[in-house]
Amino acid sequence: MKVVEISHPMVKHKLGLMRAASISTQEFRRLTKEITSLLTYEVTAGFELEKTEILGWQGENIEIDQIKGKKLTVVPILRAGLGMMDGVFEHVPAAKVSMVGMYRDEKTAKPVAYFAKLCDKLDERVALIVDPMLATGGSMIATVSLLKKAGSKDIKIITLVSAPEGIDTLAKAHPDVELYTASIDSHLNDKKYIIPGLGDAGDKIFGTK
């Protein structure tokens, strides 16, 4: 599995601010959007270009570069992933949205999809999953599996922070996906929280506890 930890100073600086215990909902939400925007820029750097002809401002046909082939659908994992969508839209405003919601089954401890609203022609699109945290990897693996079952063949993932344990688990289950993250953190604690992590990103984005 391709894993890219973004080392850009602006990404690291903004992520550092997000780790503060005193951060406000407004600030956390703003930084989530800004970092997601920077990560989306990195993800799309590998997209191919092709030449196309348009009518230029001077009234003559001119040749321009345009992104080739597949269009994009952004896939937020509910609910925290919703806070990352605007960062993607800054670069790909026409992206369609496919939403996935997961809950953990108390008996099996496995993630179960309680909601899935996917766009059409997934096999012709790049699916960009967004979720602030990759902890154990369970929800992410289930989301990737759901997308593949629906026809998706090109899947990329953006997270703000990722645990090594979650990366390893995801790589074993889906070695063909790509992960772009602002930070590979130290480890998971005994409660499966990422350390040093960000705390509960969903609560901090939506101002709940």
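From the backbone N, Cα and C atoms, a Cβ is placed for every residue, glycine too.
From a predicted model like this one, the values you see are computed outputs, not experimental measurements.
The 5-phospho-alpha-D-ribose 1-diphosphate binding site annotation in Swiss-Prot covers ARG79, ARG104, ASP131, PRO132, MET133, LEU134, ALA135, THR136, GLY137, GLY138, SER139, ASP200. Residues or ranges marked as uracil binding site in Swiss-Prot: ILE194, GLY199, ASP200, ALA201.
Sequence features annotated in Swiss-Prot and their locations in the structure.
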| residue | record | DSSP (3 states) |
| --- | --- | --- |
| ARG79 | 5-phospho-alpha-D-ribose 1-diphosphate binding site | coil |
| ASP131 | 5-phospho-alpha-D-ribose 1-diphosphate binding site | coil |
| GLY137 | 5-phospho-alpha-D-ribose 1-diphosphate binding site | coil |
| ILE194 | uracil binding site | strand |
| GLY199 | uracil binding site | coil |
Cα separation, ASP200 (uracil binding site) to SER139 (5-phospho-alpha-D-ribose 1-diphosphate binding site) (Å, whole number): 15
Pairwise Cα distance for ASP200 (uracil binding site)/MET133 (5-phospho-alpha-D-ribose 1-diphosphate binding site) [Å, integer]: 9
Chain-mates of ILE194, GLY199, ASP200, ALA201 with C-beta within 8 Å of site centroid, uracil: PRO132, MET133, TYR193, GLY197, LEU198, GLY202, ASP203, LYS204
Among ASP131, ASP200, the most crowded of the binding-site residues [Cβ within 10 Å]: ASP131
Distant-in-sequence Cβ neighbours of ALA201 (uracil binding site), under 8 Å, six or more positions away: PHE28, THR32, ALA80, GLY83, PRO132, MET133, LEU160
Distance in Å spanning the most remote Cα pair of ARG79, ARG104, ASP131, PRO132, MET133, LEU134, ALA135, THR136, GLY137, GLY138, SER139, ASP200, given for 5-phospho-alpha-D-ribose 1-diphosphate: 18
Sparsest Cβ surroundings (other CB atoms within 10 Å) among the binding-site residues MET133, ALA135, ILE194: ALA135
Candidate binding-site residues ARG79, ASP131, ALA135, GLY137, pick with smallest Cα gap to ILE194 (uracil binding site): ALA135
GLY137 (5-phospho-alpha-D-ribose 1-diphosphate binding site), number of other Cβ atoms within 10 Å: 22
